[in-house]
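What follows is a set of notes on a single structure, which appears directly below.
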Amino acid sequence: MLPKFDPTNQKACLSLLEDLTTNVKQIQDSVLEAILSRNAQTEYLRGFLNGQVDKQNFKKNVPVVTYEDIRSYIDRIANGEPSDLICDRPISVLLTSSGTSGGVPKLIPLTTEDLEQRISFSSLYAPLLYKHIDGLSEGKSLIFYFVTRESKTANGLMVRTMVTSFLKSIKQTNSFLWDSLQVSPHAITTCADTTQSMYCQLLCGLLERDNVARLGAPFASSFLKVIKFLEDHWPELCSNIRTGRLSDWITDATCTSGIGKFLTAPNPELASLIEQECSKTSWEAILKRLWPKAKCIESIITGTMAQYIPLLEFYSGGLPLTSSFYGSSECFMGVNFNPLCKPSDVSYTIIPCMGYFEFLEVEKDHQEAGHDPTEKPVVVDLVDVKIGHDYEPVVTTFSGLYRYRVGDVLRATGFYNNAPHFCFVGRQKVVLSIDMDKTYEDDLLKAVTNAKLLLEPHDLMLMDFTSRVDSSSFPGHYVIYWELGSKVKDAKFEPNRDVMEECCFTVEESLDAVYRKGRKNDKNIGPLEIKVVKPGAFDELMNFFLSRGSSVSQYKTPRSVTNEEALKILEANVISEFLSRKIPSWELHELHSGR
């Protein structure tokens, strides 16, 4: 586990990172020994190790697992059985993962001790930024955080996201460190009404514009959501600043009290300045114009977030985009030691004390090939990865996960001291993703199968399909390309708009709870679009891939297309376009139910 350190002492933090990345093997062996010694008598480990706690028996007898393999244990804990099924410490919260199991968000166990470790881990990044960016420590951060709605299991165990757990763990008595580093008071970020919270965080940021040194949000998609909100609400924000009065619709007590020390008097000069910038024809470089002393944008821009880099670059006006760390609900793992690198070059150095890390070797073309990475998986230790090879992380944690496959694909790009660093390649078998949603090929196929039933009464058939994410506007949305055929030979057909719009809705309604929550509740996913292409378009697509070396006998239409030339072929053949006109259903209980 992380040694105790002073997060305000930059020199001490950097020294700690040097030590951790130098003594990797020793730390990893110690971490595994500590985890096994603590948890050897749990029901889960007892079944494999029979009380033994050595590394050799662990690797030989404890299987590499997916969520489905351990779901029964987590369900039992959620239903009231003791935590010692999997962990010797009490499970304090079940984190809702962005990944799903059967369309339901995975529930990941977390102890209070592990949560505190993750908070400490998060504070390691600021010293790296200060080291690389001159003057950054002279101002504060305007990083937008939001809590999400929580729920409880049948026995009262909290179910919430990692960010919500982080924000709720900071009490009023120890929020002084937060308030010394962040522009927005901690209290405002804990407001359950995201709209009020976002408005007040923006208002704080505008009032303190000359004190903002960095901007951002945990993920690129959420930061763009803030920018879109600013586009819609800047006149009202300017009015509040001009009059010195907060809008009447802001009623949450945490917001009104938090904004009180900022909005103290009318400031017509500042209001006019903001109004002048926001009313210009183009919003290019708006972030740099509104916050002239900002040095960087801090947000995760790797993986599915990479699609938002062009939009962030447009709004930022040349400010560096920094991607801080790599982690998941299951485990926090890596830090970006080179924050000023190009977004396409971001790699994360694994911090060896956060868990025990193994890596499952993966074929580089596994996502395109559509088959399992290897028939006999090869699992290697952290120190034994090879540069240029692709791996799936396998984590063993202090909170009760043992040899758990995270589902990401990482590529080893080098070493910092003795700790390997990785770039993010993608998710195993994910074909579409915009924000926290992750739609797998099977999920998409089932959704399209449900929708195409609506074509049958009209003598139409779905001949083939593929998909992509359109992130040219915000929020992004799914696009599905359909090639239709008629059951009546030589018949000319014009797809009925009502039918096709219902097909769009049926696909959305058939997707998992995380997607539907993003559409209905979070509003960070736009309406799904179906584009009908000319007959023969998919033959052109096949010929394109065959020309690049694919085998005609093994060719399968890719269910998601990212290749620019392939997309040009599809777009050139589009004859009609349809958008979903209804919002799919979603209810809070779906976070931990079977729907």
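Every residue gets a Cβ built from N, Cα and C, even glycine.
Annotated features, as they stand in Swiss-Prot:
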BINDING   S97, S98, T302, F325, Y326, G327, S328, S329, E330, Y348, D408  ATP binding site
BINDING   F325, F332  substrate binding site
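All features noted in Swiss-Prot, drawn onto the structure.
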| residue | record | DSSP class |
| --- | --- | --- |
| S97 | ATP binding site | strand |
| T302 | ATP binding site | coil |
| F325 | substrate binding site | strand |
| E330 | ATP binding site | coil |
| D408 | ATP binding site | strand |
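For E330 (ATP binding site), the count of additional Cβ atoms within 10 Å of its Cβ stands at 26 [all protein chains shown]. Neighbours of S97 (ATP binding site), defined as other CB atoms within 10 A of its CB across all chains, total 22. All chains included, 20 other C-beta atoms sit within 10 angstroms of the C-beta of T302 (ATP binding site). D408 (ATP binding site) has a Cβ environment of 22 other Cβ atoms inside 10 Å.
Reported as a whole number, the C-alpha separation between Y326 (ATP binding site) and F332 (substrate binding site) equals 7 Å. Taking a C-beta cut-off of under 8 Å and a sequence gap of six or more, F325 (substrate binding site) has these contacts in its own chain: F121, S122, Y125, F332, M333, G334, V335, N336, Y348. Packing around S328 (ATP binding site) is summarised by its Cβ count: 18 other Cβ atoms lie within 10 angstroms of its Cβ, all protein chains included.
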